[in-house]
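So that you can see what the record holds, here are the features copied from Swiss-Prot:
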BINDING   Cys268, Cys271, Cys303, Glu310  [4Fe-4S] cluster binding site
Amino acid sequence: MNERIFRENTRPVQVGNLTIGGSEELTIQSMTTTKTHDVEATVAEIHRLEEVGCQIVRVACPDERAANALSAIKKRIHIPLVADIHFDYRLALKAIDAGVDKIRINPGNIGRRDRVEKVVNAAKAKNIPIRIGVNAGSLEKKIIQKYGYPTAEGMVESALAHIKILEDLDFYDIIVSLKASDVNLAIEAYDKASRAFNYPLHLGITESGTQFAGGIKSAAGLGAILSLGIGNTLRVSLSADPVEEIKVAREVLKSFGLSSNAAMLISCPTCGRIEIDLIRIANEVENYIATIKAPIKVAVLGCAVNGPGEAREADIGIAGSNGEGLLFRHGKIIRKVPEAIMVEELKKEIDILAEEYFEKKTDLESLR
């Protein structure tokens, strides 16, 4: 078997102002739930996604009304826009003309070679990449006939066939996904793909389910794949508000130390020793840091047994006991505060840390 190609060794592909592949960086994506032709609703949903950390957004493009709306949508958002195209090559051409940053197609279902060539040439002329989206539930008939059912080998074979179509047309700005609702199948498919080609991989567990069950299923599957050192972008697919997809994706990346722009909460599971309202405090702090785009580790702990030690491991933290708490910053006690103002005092310190991070980041960027 070939050696696994890790994420930092994949081929860099430019998607709008983002570079996908060629580094340790992972990018979070989502997809709108609105009718794309409804520009106002689609833009409003994308703005909500931007606020919680979505970095690339995909919209369905099933007809001309949707294709005709892409330009107006693109002008009003701040992250790269991807058009999802199936079957009709003319919609892909319209999307490219509208200025989208990437198109998602399967070259095999666009039609004859001359149609694929038109799409590829148009994308090449505008430096727009193409994502090949292989899905276990819609593999080509010949693949199913060969293997009997969806397999990781069949999914990779399908991806390679589609890749060859593009490479034969001298097109290499390619990103590939191999999604399945079966977690084990998805893990195996992505592992095999990472050994078969060096194009960036977009990760996902498709049709994973509702917010609760789907979030757990996605975290299990994506976590296993990420732990292999592969994957360059990801989407958590949920039957829920897409904002929830971003929240789960951010937590998955934070768990693996792969998010450079998100705050992380550490809080204890509670027990009979707790003497403060820790669950309420932890939830309030979690909501507060949800939109902070700085790599700050925040601890909320509820007793004197593990609290002080755990809090010292965080950038900022509080260890509560007997209706009051000790505020820690980088391992040192700042002050003691009563429970009534504990959260507000912690928020102030979080804001100070975030501001320091942004100032340092600005200074470093000015030196480049």
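Cβ atoms are placed via backbone N, Cα and C, with glycine included.
Cys303 ([4Fe-4S] cluster binding site) is surrounded by 20 other CB atoms, counting those within 10 A of its CB over all protein chains shown. Taking the Cβ of Cys268 ([4Fe-4S] cluster binding site) as centre and 10 Å as the limit, one finds 20 other Cβ atoms among all the protein chains shown.
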